[in-house]
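Q: Here it is, the structure, as structure tokens.
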Amino acid sequence: MNDVSKASLPKAIFLMGPTASGKTALAIELRKVLPVELISVDSALIYRGMDIGTAKPNADELKAAPHRLLDIRDPSQAYSAADFRRDALAQMAEITSAGRIPLLVGGTMLYFKALLEGLSPLPSADPEVRSRIEQQAAELGWEALHQQLQEIDPVAAARIHPNDPQRLSRALEVFFISGKTLTELTQTSGDALPYQVHQFAIAPASRELLHQRIELRFHQMLASGFEAEVRALFARGDLHTDLPSIRCVGYRQMWSYIEGEISYDEMVYRGVCATRQLAKRQMTWLRGWEGVRWLDSENPDRARKEVLQVVGAIAD
């Protein structure tokens, strides 16, 4: 697409960043001074009843700056990147038609990528094929299936851990249904996003600062009742650790503690470590991201001014 046709597209803003980087606070500040509406880009914030451990904006924050695509699924339900793209495009169109600018804020980089570049034409899930894979796993173990994937699609096998049955079975399922590997199919992109996107990433200047923020926030969550929140989910009886919701960072570790698998101190240690690992993955995505402007989360006022310098002109 040339620059002239790109300039005629509606505007959108991406505000990306690792967990605990201050994205939400900045987005709320920006909404006070720009004609923007916020859309959450977070695979954990979609779940109802999961507020503390996901650092969901509180009632006052949501009153000041409503977020779309929050609380749209029960923790028992799945939600894919394709679901997100469909929902986000609908919300963006609604915001644009009202004469405002969509501001997409979050840290689920796969969702941002799916929205920006479109999705690969992957086949839909097939319950029969999935059942066959699960039966094989029950007989041979997931390690054997991982070796099978290694022969079929070594690139995907290198990315997928043998202890990740959901992604492992999906990679095999795609091959059994289509005859093509996940790697082959994901190299074919779908439709690009029909918006002129201004992309920002916010993060502390150093990894140590981010690690401190993560640890502090995890302890704040515990003080705010995170254990009680997860116990309420556990008490439902229909949730388990194979669900994406319960595999969310912090929830998986708290679940292990509630089940008596680990001690409280071990839960805290693992929860902080898992959150740091998540932040590391998010930063790896962002460092390879094209066309992004970096903001320093330790200087929120300056970050806000930098966004306004770029976006102020398009918002007029």
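Positions of Cβ are set from backbone N, Cα and C atoms, glycine also.
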Q: Looking at the candidate ranges 31-36, 133-138, 217-222, 247-252, report the one that Swiss-Prot labels region 'Interaction with substrate tRNA'.
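A: Checking Swiss-Prot against the ranges 31-36, 133-138, 217-222, 247-252, the region 'Interaction with substrate tRNA' one is 247-252.
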Q: Quick test of your reading of Swiss-Prot: among 42-45, 50-53, 98-101, 226-229, where does it put region 'Interaction with substrate tRNA'?
A: 42-45
Q: Among 21-25, 166-170, 241-245, 301-305, indicate the range for which Swiss-Prot gives the feature region 'Interaction with substrate tRNA'.
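A: My reading of Swiss-Prot: the region 'Interaction with substrate tRNA' range is 166-170.
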Q: Neighbour count, 10 Å Cβ-Cβ cut-off, for GLY22 (ATP binding site): what number do you get?
A: 19
Q: Within 10 Å of THR108 (site 'Interaction with substrate tRNA') by C-alpha distance: pick out those among the binding-site residues ALA20, GLY22, LYS23, and say none if nothing qualifies.
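A: Near THR108 (site 'Interaction with substrate tRNA') by Cα: none of them.
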Q: Would you mind listing, in sequence order, the residues at least six apart from ARG130 (site 'Interaction with substrate tRNA') in the same chain with a Cβ closer than 8 Å to its Cβ?
A: SER169, GLU173
Q: Which chain-mates of THR24 (ATP binding site) that are at least 6 residues away have a CB under 8 A from its CB, listed by sequence?
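A: The answer is ALA55, PRO57, GLU61, VAL105.
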Q: Please list, in sequence order, the residues in the chain of ALA20 (ATP binding site) that are at least six apart in sequence and whose C-beta is under 8 Å away from its C-beta.
A: ALA55, LEU210, ARG213, ILE214, ARG217, THR275, ALA279
Q: If you take the centroid of the Cβ atoms of THR19, ALA20, SER21, GLY22, LYS23, THR24, the listed substrate site, which other residues of that chain have their Cβ within 8 Å of it?
A: GLY17, PRO18, ALA25, ALA55, GLY107, ILE202, ARG213, SER297
Q: Are there any residues in the same chain, six or more apart in sequence, whose C-beta is under 8 angstroms from the C-beta of THR19 (ATP binding site), and if so which?
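A: In sequence order, ALA55, GLY107, ILE214, VAL249, THR275, LEU278, ALA279, GLN282 meet the Cβ cut-off.
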